[in-house]
C-alpha cells in the first residue's frame, strides 16, 4: 500500500500544494456564491497564502540543498562562518515566505519597510532558483556524459563553482533590478493610425496607464510622481487599463488621492484587471474613482469628442477582466457585445481590455474594433519571468497590427507587482497620438 510517510519532503509538499489548489477550485465552484463577499475574500486569501507558500517551500528545499548543503558540506560540527551562512539563508527564506503575508496585512499609504524587504528577497529567490536549476541541469548532463571517475570528480567540483556563480549573477541582477524599478516611468511616444478617425480628432493625445499595483510596495509617493508626469504631457484623455490596486479602498484611500489631480481635457477612464478583482472591493474602487472624476467602463462605453464638434466622436469602451467570471464576482464578467452596444461602425472603436487574451477574444467577436489597449504582461517584469510572460500571451509588449484595420498596443505597465524589481523590462507611461489612417 502507498505510504505517505515514505515520500520525500518535496513529494509531501507537492501533494499538499495539489490539495490546496483543488480546494480553491471547489470553493470557487460550490461555495463562493453561497457566502457573502467578505467571507469569500477571506477564504480566497487563506487558500492563496497556503498555496503560494507550498510552492515556495518546494523551491526553498531545493535552494537549501544547493546553497547550504553543497557549499557547507555535511559536517557534524559546522564552523562559525558556516553557521552564520545557515542563519542568513534561513532568515532570507523566512522573509520570502512572509512576502505575501505583507500583501494582506502590511498595506498602508506608503510601503512598510518589511514589505519592501520581503518582496525584494522574493525577487532574489526567483532569480537564484532559475540559475541554480539551469546550472543543476547542466551538471546532471555532464554526469550523464562523463565516463571516467576523474571526469565525474571534475563535474562535482564544477557544481560547487556553479552554485557560487549563480549567487554572484543573482546579486548583480537583483541590484540592477532594484535600481531600474526605482526610476521614474519612461514616457514612450507612440503614433497610431486609426481608420475612420474624424478630422476634428486627428492628433488626439491619449495617455495609457496600467498595472500601477497600489499596495504593499507601491504607495502614494510613486503614484504622485506618475500623476505629475501625466499632467506634464497635457493629454486629451487618460485611460487606466486595469490592475490599479492590490488591496481594499479602506487601506489605500489616502494612497490613491493623487489620481484626483489628473486633468485631461476630455476625461479619465478605467477598466478592471484581474488584481482589482482579487481585492474583492471593485465596487468600492468604482465609487472612489467616480468621486475623483474617473469613469469606470464596466462593460460599457463613453463617447469621446471635442466640445466644438460633438457630432465627431470615438467610442471608447472597456470590458471587465477575463477572471471576473472565473472568480464568480457578482454582476461582473467580460461582455464585449454589451460594452459596444450603441457604438456605431461608422466611427472608430477603441477598447480597453486588461489581458492580451481578452484582446484576442474581443477581436474574434468584433473585428471592427480599431484599436485595443492592454497591459497585464509587465513585459515579464523581471527575468526569468519574461520567458513565461512571452510564451503565455498572444501579445507580449508594444504595438501589433492584427489586421488591415486593427491594432493592439500592450503596455509593460506603469508600476510593478509586489517585487520592486524590473529586469529586461521598464515601467512606462505611454503617450499615444491618434492619427488618421
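Cβ atoms are placed via backbone N, Cα and C, with glycine included.
What Swiss-Prot lists as transmembrane segment is 7-27, 41-61, 87-107, 116-136, 164-184, and the listing cites sequence analysis. According to Swiss-Prot, the divalent metal cation 1 binding site annotation covers 211, 213, 243, 378, on the basis of similarity to another entry. Per Swiss-Prot, the feature divalent metal cation 2 binding site maps to 243, 274, 376; the stated evidence is similarity to another entry.
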Three-state secondary structure, which DSSP defines for residue 211 (divalent metal cation 1 binding site)
coil
Of the listed stretches (41-61, 87-107, 164-184), which one yields the highest count of Cβ-Cβ distances below 8 Å with the transmembrane segment (116-136)?
164-184
Inside 8 A of the center formed by the CB atoms of 243, 274, 376, which other residues of the chain have their CB, for the recorded divalent metal cation 2 site?
210, 211, 242, 273, 275, 276, 321, 354, 355, 375
Taking residues 6+ outside the transmembrane segment (87-107), which of them lie with a CB under 8 Å of any CB in it?
45, 48-49, 52-53, 56-57, 60, 63-64, 67-68, 114-115, 117-119, 121-122, 124-125, 215-216, 246-247, 251-252, 418
When distances run from the Cα of residue 274 (divalent metal cation 2 binding site) to each of the binding-site residues 211, 213, 243, 378, the nearest one:
243
Residue 274 (divalent metal cation 2 binding site) falls, by DSSP collapsed to helix, strand or coil, into helix
Restricting to the chain of residue 243 (divalent metal cation 1 binding site) and a gap of 6 or more, list residues whose Cβ falls under 8 Å of its Cβ, or answer none.
210, 211, 212, 213, 273, 274, 275, 276, 354, 375, 376, 413, 417
What residues, ordered by sequence, lie under 8 A Cβ-to-Cβ from residue 378 (divalent metal cation 1 binding site) and sit at least six positions away in the same chain?
211, 389, 412, 413, 416, 417, 425
On a simple 10 Å Cβ count over all chains shown, which one of the binding-site residues 213, 376 is most densely packed?
376
Determine, for the divalent metal cation 1 site, the additional residues of the same chain whose CB lies within 8 Å of the mean position of the CB atoms of 211, 213, 243, 378; present them in sequence order.
210, 212, 242, 273, 275, 375, 376, 413, 414, 415, 416, 417
In three-state terms from DSSP, label residue 243 (divalent metal cation 1 binding site) for me.
coil
Counting every protein chain present, what is the number of Cβ atoms, excluding its own, within 10 Å of the Cβ of residue 274 (divalent metal cation 2 binding site)?
18
